[in-house]
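*Asks:* The structure is given below, and queries will be raised subsequently.
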């Protein structure tokens with residue numbers, strides 16, 4: 001009679017011993033069996049059901065010759081720990097590989113297409129982490145470490161720490177005898193904290209290129225202070241200057257070029273202004289504007305300068321010529337040629353008109369003789385954009401686009417067509433083009449120079465010894481420098497980003513006053529009036545502005561002072577006038 005078989009999961013130990021169960025083989029077992037040599041084993045009969053012959057050496061309730069089957073424990077022994085795996089006996093004819101031993105020792109059984117093996121029992125329940133407390137930026141952290149990284153924080157009461165945990169030491173693991181010897185040798189109590197160690201500070205970068213680039217760009221972005229209005233003044237308690245100009249002139253066509261010099265104020269109280277190819281003279285006493293001439297076709301006016309007596313006007317042109325004009329009659333007297341590039345600056349010394357050229361050369365023109373060129377000065381590798389004679393005519397200062405300041409002795413050398421001159425002093429301290437140059441009127445051996453965007457520095461030189469006396473850093477490029485006639489002060493005009501007029505005390509070089517945003521764009525040129533109280537500034541916003549910076553000394557009082565005031569302002573104090 002056919003007896004239905006009990007499923008393997010419900011069989012007892014007796015069932016296992018009485019009848020050999022089916023053992024489905026996993027793929028890993030099959031691959032292991034393929035390498036086993038079955039020499040001398042009896043032949044298996046293939047029937048409808050696969051049967052395994054019992055080994056005659058089986059002495060237990062289950063077949064120990066099959067290393068792939070491990071019986072389930074009985075219900076009586078399930079409550080106890082799992083017994084160790086029985087010893088696998090390998091006959092000489094069936095060698096067991098290490099792979100099969102590992103699988104057999106792990107109790108690997110495949111039931112219903114699922115591999116069952118030993119399970120790691122979790123003995124602890126999962127505890128979720130505490131959620132991080134979110135706080136606003138204004139709420140301080142409760143457990144923030146407020147100790148200083150370098151300064152030890154000590155207990156103010158007893159100055160002794162409770163344990164050595166703050167030093168990240170384990171006193172239990174240390175040798176008591178060794179610790180006692182250290183305490184005796186150092187004389188420090190055992191529980192006293194000496195230093196509080198924290199994370200080290202970040203290492204300094206060894207690359208200095210970024211710092212250098214930042215220093216070069218600082219004048220462009222370092223704007224000192226912000227005023228509530230676009231135009232304002234910053235002054236100290238002892239000095240007040242007006243924040244608004246006394247008069248404004250419209251100058252359409254003003255060339256926006258840092259290297260040119262397009263305005264000049266004569267001792268006869270007239271202002272020369274160059275607008276593209278045209279030159280105009282504005283009379284401060286009457287407010288009239290007189291056109292003085294036109295540049296030849298295809299060129300432009302690059303520089304203007306009055307003679308010391310205000311009778312003649314020198315005009316430098318873009319193609320290299322220098323023109324001489326009579327101011328009173330408005331007639332051109334002569335044209336002096338020879339330069340091969342634009343003449344960006346001019347300076348007078350009696351009958352000598354000195355011109356600075358774009359090729360770095362400086363010429364002395366004697367306007368009284370036909371052969372006007374009497375001397376050439378070679379000391380610049382870049383365009384000469386600054387040129388000033390000292391009032392006594394003994395020294396000449398020049399500045400160029402090669403960042404060099406030269407001081408020439410005008411008394412040396414033969415005056416002739418082929419004469420050459422060499423500089424008395426050559427200064428290379430500036431790091432940008434030097435356009436601003438000014439001789440001190442009340443101490444003749446002082447020369448002030450100012451650098452461009454990458455320099456933005458005022459230097460004061462002693463022309464007798466060649467020493468640099470003072471240095472002052474400014475927030476933006478210096479476009480011109482003027483000395484006060486009756487005070488120990490230096491005035492500078494600046495370009496982007498401040499567009500300001502700054503006043504410095506001498507010799508302290510402290511900032512006395514500053515008019516920020518004096519123009520809507522960078523201030524390019526400036527000149528001082530004959531009385532020494534007003535300055536004129538010109539910018540690329542096509543405006544000329546007159547500022548009262550100083551008070552006139554020795555004006556007197558009463559009727560005389562009133563007459564001088566009316567003479568200065570006249571009809572030009574209100575509204576905006578146009579030069580053209």
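Including glycine, each Cβ sits where the backbone N, Cα and C put it.
Quantities reported herein were computed from a predicted structural model and do not represent experimental measurements.
So TrEMBL lists these for the protein:
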COMPBIAS  15-26  compositional bias 'Polar residues'
COMPBIAS  28-41  compositional bias 'Low complexity'
COMPBIAS  43-52  compositional bias 'Basic residues'
COMPBIAS  53-68  compositional bias 'Polar residues'
COMPBIAS  71-86  compositional bias 'Low complexity'
COMPBIAS  227-236  compositional bias 'Polar residues'
COMPBIAS  571-580  compositional bias 'Polar residues'
DOMAIN    249-547  domain 'CDC20/Fizzy WD40'
REGION    1-90  region 'Disordered'
REGION    219-241  region 'Disordered'
REGION    557-580  region 'Disordered'
REPEAT    301-335  repeat 'WD'
REPEAT    377-409  repeat 'WD'
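Quick one: how deep are these features, and who are their neighbours?
*Replies:* Looking at the domain 'CDC20/Fizzy WD40' (249-547) alone, the prediction's average pLDDT is 93.
For the repeat 'WD' (301-335), residue counts in helix, strand and coil come to 0 helix, 22 strand, 13 coil, using DSSP.
Long-range Cβ contacts of the repeat 'WD' (377-409) within its own chain (Cβ-Cβ under 8 Å, at least 6 residues beyond either end) map to 258-261, 341, 344-350, 354-364, 420-439, 441, 444, 447, 449, 451, 455, 459, 461, 463, 466.
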*Asks:* When DSSP states are grouped into helix, strand and coil, how many residues of the repeat 'WD' (377-409) land in each?
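*Replies:* Counting residues by DSSP class gives 0 helix, 19 strand, 14 coil.
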